[in-house]
Amino acid sequence: MNLDAALSTSKLLAGAAFLHFNDDSTWYVYLATLLADRYNKFNNRRRLSSLPVNDEFGLIRQWTNPYQTAAMQKSLGVVVGIGDDAAVVEMKAGFQLVLSSDTMVQDIHFNEKTMRMSDVGFKAMAAALSDLSAMGAIPKYALVSLTLPKNADITLSKQLYEGLYACADQFGVAIVGGDTTSTLGGWVVTIQVTGEIEAGMALLRSTASPGDIVFITGPLGCSAAGLDYLNTESPLKLDLNQSESIERLIEKHRRPLPQILAGRTLLHSGSCHALNDISDGLASEAWEIAEASKVGILLNEAMIPRNPDLILYAELAGKSAMDWILYGGEEYQLIGTAPKSQVAFIEQEFKKNQLDYHIIGEVTELFAGVRLLQLDDIEVEIAKKGYNHFA
């Protein structure tokens, strides 16, 4: 039966069922509701899929038209947006551009089991914006390059764009263009973002100094724990409170938030020496700062915050919360260093903006790598381990 025939049959059956509503038959009411729902879903899908997959420009209009009005984009400095060969945007005097990109690939970063397509869109945008937050930049514009399978369900691409725009709108980012291609493989989403920053003010990972404190902007490990649960073959038996706790961990994995305000707060404080975002795990990002700055970093396990949901799930699963904290990644919190003399001032600025701030260690002598002072007061070197595409 083709789609139109199915729709006609559904409408007729739904109508017949509703004619029996006065019989006070629960079964007919249920059937009517079910068929009406099926009809609406079929009809919505037919409207969304009315353009063939090979109509690239028609699809782009479908994906982008419901979002970000011309007035909204103009307020963000967009002169020419989606619909021409390239975008044109305004530049502020006294500012520099900050550019970055990030890619998410099906079966590498996500799959049908772990992510909904709207989550893929949201997270792809968040990952790219997180790089801007680590520089202290203001996010402004994004280009979206989408590679989708030739036989893709167009409803999925629509959902992906819903997630992209949800994240972009949350952080004041105008989506101004991109590219669309097909593939014989899986989905690939690449986001290129542009931000602006006061000239000469960018925060770098290469400027930590011995004697600095090391801080993070929030608890870690939740994303990795949420992913672990999603990949669990034998689901745990959970009570209501445990289920809600794990749902929060899953949300941390699917929709992590870039710390844009924290990055700007650190930049304006004038007290941050080095900064990096935590996309590949605390250990990996601490090593990046240590190597770029040619210093050592000593982390103190007793000072590292632990999210209660993370601790609960680690106990239920019989796994190490500290492993997720050190090596999990995809948090998009920030790790940075600052002079000890500025700690009170930074804490005051973070409190003013209702932001988290946790001191977790210190910068030590030159070329010393990254070490962890464990709860038993024994120092151990932390492996330079985190997510690595080529490991």
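Positions of Cβ are set from backbone N, Cα and C atoms, glycine also.
Keep in mind that what you see is a predicted model, and the values were worked out from it rather than measured.
The record from TrEMBL ties D85, D131 to Mg(2+) 3, and of the options D212, D228, D239, D277 it ties D277 to that site too. Assigned with DSSP, the residues of the domain 'PurM-like N-terminal' (83-196) fall into helix, strand and coil as follows: 34 helix, 47 strand, 33 coil. For the pair formed by E330 (substrate binding site) and S279 (ATP binding site), distance between Cα atoms is given as 4 Å, rounded to the nearest Å. Distance from the CA of D277 (Mg(2+) 3 binding site) to the CA of G178 (ATP binding site) is 25 Å.
For the binding-site residues D85, D131, D277, D280, a Cα-Cα cutoff of 10 angstroms around S101 (Mg(2+) 1 binding site) retains D131.
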